[in-house]
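Trainee: Submitted below is the structure of interest, expressed as structure tokens.
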Amino acid sequence: MSGFDRRSFLKASMVTAAATALAACASSERATGTTPKAAGKSVMGLVVPKMDEVRVGLIGVGERGIGFVHHFSRIEGARITAICDTDTLVLARAEKAINEYGRDKPAYFSKGDHAYRDLLNRDDVDIVVIATPWAWHHPMAKEAMLAGKHAFVEVPMAGTIEELWDLVDTAELTQRNCMMMENVCYGRDELMVLNMVRQGLFGELLHGEAAYIHELRWQMKEIDRKTGSWRTAYHAKYNGNLYPTHGLGPVAQYMNINRGDRLDYLTSVSSPSLGRAAYAKREFPADHQRNQLKYIGGDMNTSLIKTVKGRSIMVQHDTTTPRPYSRHNLIQGTNGVFAGFPNRIALENGGSGSYHEWDENMDSWYAKYDHPLWTRMGKEAEENGGHGGMDFLMCWRMIYCLRNGEALDQDVYDGAAWSAVFPLSVASVGDRGNSKDFPDFTRGVWQTAKPLGIVG
């Protein structure tokens, strides 16, 4: 066990045994919708000891993960110490990038699907960043925490309610962070709207609209590698909202979800599934594997969420039809509304005109309401890139919090609640749109948790 001392091994073995026992007794409770017994104390607002240097292990450096190689190589106080990917081509690309930055050589792992466990067994890794196909998110994040690491996992955090509970329980048992890296929460517009909401610009919040509308049929041509090689199959297996968090995450933060309010229940319906089959017929030979799949996922899925405080959120998913990109990013309050794509605002009091017409000139709004974090880091974020800078800013903020002993902006409860839309929408669609309840992953702590602050 290179780099993994006996004491650490024994401690990890004890935690793993406890986790196994907990899972055995909690499984039936999760399956029936009953809130399982807590595995440990809540990790709401978890603060861990300050780290002078954050040692980063990366699992998955393909289409998404290569960006993390660049970001963490540029952030002061972060050092990539280990990288794992089963694809030696993308691993070589990551190694080339590390060398170009003049950084110390990390350890590399690539032999087999479980080579990541060699990375987890190292004592020079503090956090594990997981950017792999969705099916690996849950097991890798869980094993990372059981190995004593903080887990940072790409979206969605997991694919079933039981898996989501398992990550919550493991985080509480190990007292480790498990953050789903919802990068859109760090976009300039989303941060500005959060600042507007916190300053009461829209009055009492009533309704939000979120979406992931992004035409991705072209990914079906990625057969042996890249995202489409594994993501296409989901459209033939599930009918619901496969990818809810990019739009929902920011709206949930506006509404203080898990910090004063909670997602209560959901109802979901889907349109017919036509676009994927038509695209396959047009673009591939009749005997091609893409024409052998039966695509059941509706081209457009629409889910309606009710919160415990009575507010409503519409969440849509469409990666099939030909239309412009949108996440909606709409928030409606008693004093007015903001909507994205394109950005526009209408207010009864405090606006520049009639609330019956949109104000689409955002310059004055940016000048007054740009989030302090963007004011401080926006230029550097844009220069370093990643979806307009949001990716870099997210990574910078993660490292900043760990180095300064601050709680992360997103926790395991956020990742669980936002990701739960996927399995709950599938269940609702399959049940004629009947409502499905969200678990209270916080076990009641949402009622006393402090809202996410405005940090600079």
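Just so you know, the numbers here start at 1 and follow the chain as drawn.
Keep in mind that glycine also has a Cβ here, set from the backbone N, Cα and C atoms.
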Trainee: Arg231, Tyr243, Pro244, Thr245, His246, Tyr325 bind substrate in Swiss-Prot, but which of Tyr212, Tyr265, Tyr355 does that record place at the same site?
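Mentor: Looking through Tyr212, Tyr265, Tyr355, the residue Swiss-Prot assigns to the substrate site is Tyr212.
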Trainee: Look at the NAD(+) binding annotation in Swiss-Prot, where Glu63, Arg64, Asp85, Trp134, Ala135, Trp136, His137, Glu154, Val155, Tyr243 are given, and name the residue from Asn177, Asn183, Asn258 listed for that site too.
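Mentor: For NAD(+), Swiss-Prot names Glu63, Arg64, Asp85, Trp134, Ala135, Trp136, His137, Glu154, Val155, Tyr243; of Asn177, Asn183, Asn258, the listed one is Asn183.
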Trainee: Go through the binding-site residues Glu63, Ala135, Val155 and tell me which ones have a CA within 10 A of the CA of Pro244 (substrate binding site).
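Mentor: Cα filter at 10 Å returns Val155.
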Trainee: Where does Tyr212 (substrate binding site) sit in DSSP terms: helix, strand, or coil?
Mentor: strand
Trainee: State the count of C-beta atoms found within 10 angstroms of the C-beta of Tyr325 (substrate binding site), not counting that atom itself.
Mentor: 10
Trainee: Taking the Cβ of Arg231 (substrate binding site) as the centre, how many other Cβ atoms fall within a 10 Å radius?
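Mentor: The answer is 18 other Cβ atoms.
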Trainee: Under a three-state reading of DSSP, tell me whether Thr245 (substrate binding site) is helix, strand or coil.
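Mentor: In the DSSP reduction, Thr245 (substrate binding site) maps to helix.
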